[in-house]
Amino acid sequence: MATRNRTEVTEFVLLGLSSWPEMQPVIFGIVFAMYLVALMGNALLLIVALSDPKLQTPMYFLLSQLSFIDMFLTTITVPQMLVHTLSVNRTISFKCCIIQLFFFMAVGSMEGHLLAAMAYDRYVAICDPLRYSAIISRHLCLRITLTSWVVVSLNSLLYSVLVTRLTFCNNQVTHFFCDITPLLKLSCTRPVVNEMLIFTEGVAVVVSPFFFILGSYARIGIAIAHMHSVAALRKALSTCSSHILVVLLLYGSVIRMYLRPSSSYDLDQDRQFAIFYTVVTPTLNPLIYSLRNQEVKGALRRLFRKLCNSGNFQPGSQGNWGWHHIS
């Protein structure tokens, strides 16, 4: 491959979601509305999961962390995109671009680790319910969360450092934020080391939680197949359905966007598909987990009742860490 002209890059130009000027107000309105829904939905679910005494269970603790992650993920990318949508100046400094890349990769990877932890919680609850309280505890959830943050942060730091060592031929990023794929495409030579890391270390950190989830649900499927009680079967299926849907939304997007050779990337399609991962999925997650969940509905009613009656509420700090399913 011929070497292209090399440029000293101090800033990048984010081309945005669309190059059509007449579409910018429409894009702004739709994305802004979805961003507000994502923030409010996840914030409300986070407050309810942490404050209601009846939701002080391992699963709802993990769900509150997932809501925080979704809020963080959208805030990393969407506000900047909204500003650039209505602005002529769409530049971002090299330093800010790398910082955005670091947080986006860390937070995005963290979501998969939380879903794996939630799958393990379901596995123990369904396959070993008598020992659930002895196996799943608040301390275990905190330890899993903190360990996952360390792993994904180190992984993201590695990729961010490698990107800073690339030589870029231009600064026109075909995306609405600094993501790994469009930045690699700007490299003057094929970034072989980065691609090898994506398919080795990246698979280990990002995709291994997915295989853990598959293994957990394989065991759950075997347990469900041996259930003779219709009520128990319905409860087991109900407690897994929402989680499976969220897993499919997340990993369907991740595999489509990242786990393929750079020669097969179509950046115009990828930046449109990325809006689903960064905006649509965080908007849908609180709806998926709460619309059919009677416990969350009850907690919301109690929260609104307290707010209306006293103007404030006391966070719940005690509770039974038993199995409360999320339908």
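Quick reminder: no glycine exception, Cβ is built from N, Cα and C everywhere.
Confidence for the domain 'G-protein coupled receptors family 1 profile' (41-289), expressed as mean pLDDT, is 86. Residues or ranges marked as domain 'G-protein coupled receptors family 1 profile' in TrEMBL: 41-289.
If you look up TrEMBL, you'll see 26-48 (among others) marked as transmembrane segment. Residues 17-18, 55, 63-64, 67-68, 70-71, 74-75, 78-79, 81-82, 85-86, 275, 279-280, 282-283, 285-287, 289-290, 296, 299-300, 303 of the same chain lie 6 or more positions beyond the ends of the transmembrane segment (26-48) yet place their CB under 8 Å from a CB of it.
Feature annotation from TrEMBL assigns transmembrane segment to 60-78 (among others).
The transmembrane segment feature in TrEMBL is assigned to 98-120 (among others). Listed as Cβ neighbours of the transmembrane segment (98-120) (distance under 8 Å, sequence separation of 6 or more from its ends, same chain) are residues 59, 62-63, 65-66, 69-70, 72-73, 76-77, 80, 92, 141, 144-145, 148-149, 151-153, 155-157, 159-160, 163-164, 177-180, 183, 205-206, 209-210, 212-213, 216-217, 243, 246-247, 250-251, 254, 277.
Here the transmembrane segment (140-162) has long-range neighbours at 58, 61-62, 65, 98, 101-103, 105-107, 109-110, 113-114, 117, 180, 191, 193-194, 197, 201-202, 205-206, meaning same-chain residues at least 6 beyond its ends whose C-beta is under 8 angstroms from one of its own. Residues or ranges marked as transmembrane segment in TrEMBL: 140-162 (among others).
Annotation source TrEMBL lists transmembrane segment at 196-215 (among others). Within the same chain, residues 109, 112-113, 115-116, 119-120, 151-152, 155, 158-159, 162, 180, 247, 251, 254-255, 258-259 sit at least 6 positions outside the transmembrane segment (196-215) and bring their C-beta atoms closer than 8 Å to a C-beta of that stretch.
Residues or ranges marked as transmembrane segment by TrEMBL: 236-254 (among others).
TrEMBL lists 274-292 (among others) with the feature transmembrane segment. Distant neighbours of the transmembrane segment (274-292): 17, 31, 34-35, 37-38, 41-42, 44-45, 63, 66-67, 70-71, 73-74, 77-78, 108, 175-177, 179, 242, 245-246, 249-250, 253-254, 257, 300, 326-327; these residues of the same chain sit at least 6 beyond its ends, with a Cβ under 8 Å from one of its Cβ atoms.
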